[in-house]
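Please read the structure below before turning to the comments.
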C-alpha cells in the first residue's frame with residue numbers, strides 16, 4: 001500500500017544517518033536538516049560527530065544515549081527514544097533524529113517512530129546514510145553483484161536457522177552481541193555462532209573481522225582469520241558490538257547453460273567468474289578477467305580516436321537554474337514552499353529561461369532533466385526545446401553498469 005503524503009498536522013519527523021566515519025559520512029541532505037530543524041535528537045558513535053551536530057544545529061539538541069543502561073533491556077530503551085521524538089512532533093515541531101550509520105539498517109527506534117508518526121497523520125520520512133555494510137564494501141574491495149551477497153544479524157541467523165550460502169558473499173552483523181538483549185557484551189554465546197559457521201563452511205575457511213574506522217585517528221580493522229581461529233580466547237576478546245564478519249564464497253556457482261542460451265549468452269561456462277581485480281579473500285579456484293588481456297588492450301587503443309555519439313547530451317543550464325536546483329536539494333524549507341506553491345517560487349527566481357520556467361512549473365523530473373541537458377550541436381545552433389517537447393519529456397533511466405562482459 002502506498003504511503004499517504006497528505007497530512008493535516010504541523011509537526012514533522014525526519015530520520016537521518018550520520019554514517020560510520022566521524023563527520024565525513026554526514027550527507028549534505030542530512031546537514032541541511034540539522035541546520036533547519038527545531039529539535040535534533042541523535043545517537044552517534046563518537047564525540048566529534050556529536051560536536052558537529054550541536055555546532056550546526058539551530059534548534060535544541062538531545063543525546064538519546066541517555067536511555068541506555070547496563071542491565072536495561074535494549075528494546076525498552078528504543079521505545080523511550082522513539083517516544084521523546086514523537087512528543088515534539090505532536091507539539092508541532094520539525095524534528096530530526098540522527099542515528100549512527102544508515103538510520104534504517106539495524107536501527108529499531110527509527111522505523112517505529114516513522115510508522116507511528118505517519119499513523120497519527122504527521123509527515124515523516126527517512127534519509128539514507130552510509131551503513132557499516134557500505135563501508136565494508138569499500139574497504140574490503142568486493143562487489144556484492146559478483147557471486148551475490150547474503151546479510152544476516154548474528155543472533156537472528158542462529159535463532160531462525162537462516163541459510164548461509166557457500167557460493168555467495170556472506171555478511172554477519174553484530175557478532176559481538178550474540179544472544180545479548182542488554183548492554184552487557186561479554187561474548188558468552190559467541191561459540192554458538194562458531195559452531196554454525198564451522199558446520200556450513202568448515203574450520204579452515206576464511207572469515208574477515210571488520211570494523212570501519214570512525215575517528216580520523218582510527219585504524220580500520222580487517223583481520224583475516226580462519227573459522228578455527230574463532231575458538232581462540234585471544235581472538236574472541238577482539239570482538240565487540242561494532243564487529244562485522246565477512247565470509248567470502250567457498251564454492252563456484254556454475255552457470256546454467258540452458259538458461260544462458262535462452263538469455264542469449266554464449267559460452268557462459270567459459271566466462272570469468274568476476275571482472276578484474278581478483279578478490280583479496282577468495283581462493284585461487286575463482287577465475288578473474290585479466291587487467292590487460294587482448295580485449296582490454298584493443299578497447300584501450302581506441303580511446304584516443306573515440307568520438308562521442310551525436311545524441312550525447314552535456315550539461316546546459318542557466319546559472320539560475322543550477323542554483324535553484326541546488327537550493328531545492330539542500331534547503332528543506334524552500335522545497336516545502338516549492339511543493340506548496342510551485343509557481344510562486346519559480347516566478348521569484350530571476351534569470352530562468354522560458355523552457356526552464358515551464359519545466360519547473362510542471363514539478364516533474366522528466367522535464368527538469370530535459371531542459372538541463374543538450375547536445376553540443378543544439379547548443380552551437382541555438383536550438384531550444386519547445387514547451388510541448390519539455391512537457392512530454394520523461395525521466396531517463398540511469399546508466400547501467402553490467403557485471404558480465
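The backbone N, Cα and C atoms fix where each Cβ goes, and this holds for glycine too.
Predicted, not measured: the structure shown is a model, and the values here were computed from it.
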Could you look at 124, 132, 145 and say which one Swiss-Prot places alongside 100, 102, 105, 174, 212, 243, 244 in the S-adenosyl-L-methionine site?
132
Reduced to three states, what secondary structure does DSSP give residue 105 (S-adenosyl-L-methionine binding site)?
coil
What whole-number Å value do you get for the CA-CA distance of residue 100 (active site) and residue 243 (S-adenosyl-L-methionine binding site)?
14
Rounded to a whole angstrom, what is the C-alpha distance between residue 102 (S-adenosyl-L-methionine binding site) and residue 78 (active site)?
16
Pairwise Cα distance maximum in Å, S-adenosyl-L-methionine-binding residues per record: 100, 102, 105, 132, 174, 212, 243, 244
16
Expressed to the nearest Å, what is the distance separating residue 132 (S-adenosyl-L-methionine binding site) and residue 74 (active site) at their Cα atoms?
20
Whole-Å Cα distance, residue 105 (S-adenosyl-L-methionine binding site) to residue 78 (active site), is 14
Secondary structure split (DSSP) over the region 'Precursor leader' (376-398) reads 11 helix, 0 strand, 12 coil
